[in-house]
Amino acid sequence: MANYSHAADNILQNLSPLTAFLKLTSLGFIIGVSVVGNLLISILLAKDKTLHRAPYYFLLDLCCSDILRSAICFPFVFNSVKNGSTWTYGTLTCKVIAFLGVLSCFHTAFMLFCISVTRYLAIAHHRFYTKRLTFWTCLAVICMVWTLSVAMAFPPVLDVGTYSFIREEDQCTFQHRSFRANDSLGFMLLLALILLATQLVYLKLIFFVHDRRKMKPVQFVAAVSQNWTFHGPGASGQAAANWLAGFGRGSTPPTLLGIRQNANTTGRRRLLVLDEFKMEKRISRMFYIMTFLFLTLWGPYLVACYWRVFARGPVVPGGFLTAAVWMSFAQAGINPFVCIFSNRELRRCFSTTLLYCRKSRLPREPYCVI
């Protein structure tokens, strides 16, 4: 442990002004993009009534979590880098900032897992999804996620998995020690388990969609009919379906007596269901991109944490650790870009709202009432 601290001090002493400038510039850019981007998406989701439904409630919650982390936690990291990787705000402030950072991380992980489950329900069990996933259900899920996140982030405040200022990371977070005297390993294992479970749910969803798209050979069975209705044993039911859709002529088939013929609405309902299915797939693709980017940007930092817990010999290289920490910071500002570039509906609503705000109002003509 002493060797680790001594090596870290040597790395910090060799920190060049150029490195500090790059850190401050990149972190300032991340703060601005994250706060502005997530705030714009939040305003759009709250203002447009067509987006007041299940998947976008969760997206609004994710945006609020990223705004919380970017607006409160990142400025303290900025000041830490500016002051030469030192903390000048006291132990209690360090614990509060670390609590908020870990809270946001676990909240995003839990919420992405819940979103993956709802995405599977939206495609595999669409009728159940549309009936049960109401506003109050989404609110209950959001409250549950925040409760679980607080339960995960609060114990270190009471020195169970101690929060402290890590100079190599320029932030207050978990103090990762060797696994023999470590009490933060359980938190990291749970986070990795949540990310793995989220990927498995999306993998199951991909298999479900692939199985439904797989074309199977048609097995023709001979059907017998005297009046071209083709009902009874051996019939595929297509003639009856055509008659119900309004394309049948002649008398009613015997098996369809008492059923009213519908000429127009059946085709419309089928097209509406197909459009909804495609829309749900696009939304699922957007949330999977968010999940994949979360895993990609947080992955190197998790590797560095496990390295410090289990490795006995060499410490984590300073360049790798800095890049991993800043990649985890960048995750807070990546979701607005994913929303705009991968969701056609959000892009259309955003352009409509922007054009409406920029539209100049014509002056009123003077008139008189006769």
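Note that Cβ sites are derived from N, Cα and C of the backbone, with glycine treated the same way.
What Swiss-Prot lists as disulfide bond is Cys94-Cys172. Look at Swiss-Prot and you will find Asn3, Asn83, Asn182 tagged as N-linked glycosylation site. Under the heading topological domain 'Extracellular', Swiss-Prot lists 1-25, 79-96, 159-188, 308-313, citing sequence analysis as support. As annotated by Swiss-Prot, topological domain 'Cytoplasmic' applies to 47-57, 118-137, 210-286, 335-370. The transmembrane segment feature in Swiss-Prot is assigned to 26-46, 58-78, 97-117, 138-158, 189-209, 287-307, 314-334.
The transmembrane segment (138-158) is not in contact with the transmembrane segment (287-307), judged by fewer than 3 CB-CB distances under 8 Å for residue pairs 6 or more apart in sequence.
Sorting each residue of the topological domain 'Extracellular' (79-96) by its DSSP state yields 10 helix, 0 strand, 8 coil.
Over all protein chains present, the Cβ of Cys172 (disulfide bond) has 27 other Cβ atoms lying within 10 Å.
In this structure, the recorded positions Asn83, Cys94 were compared by how many other Cβ atoms lie within 10 Å of their Cβ, and the smallest count belongs to Asn83. A straight line from the CA of Asn83 (N-linked glycosylation site) to the CA of Cys172 (disulfide bond) spans 15 Å.
DSSP assigns Cys172 (disulfide bond) to a strand.
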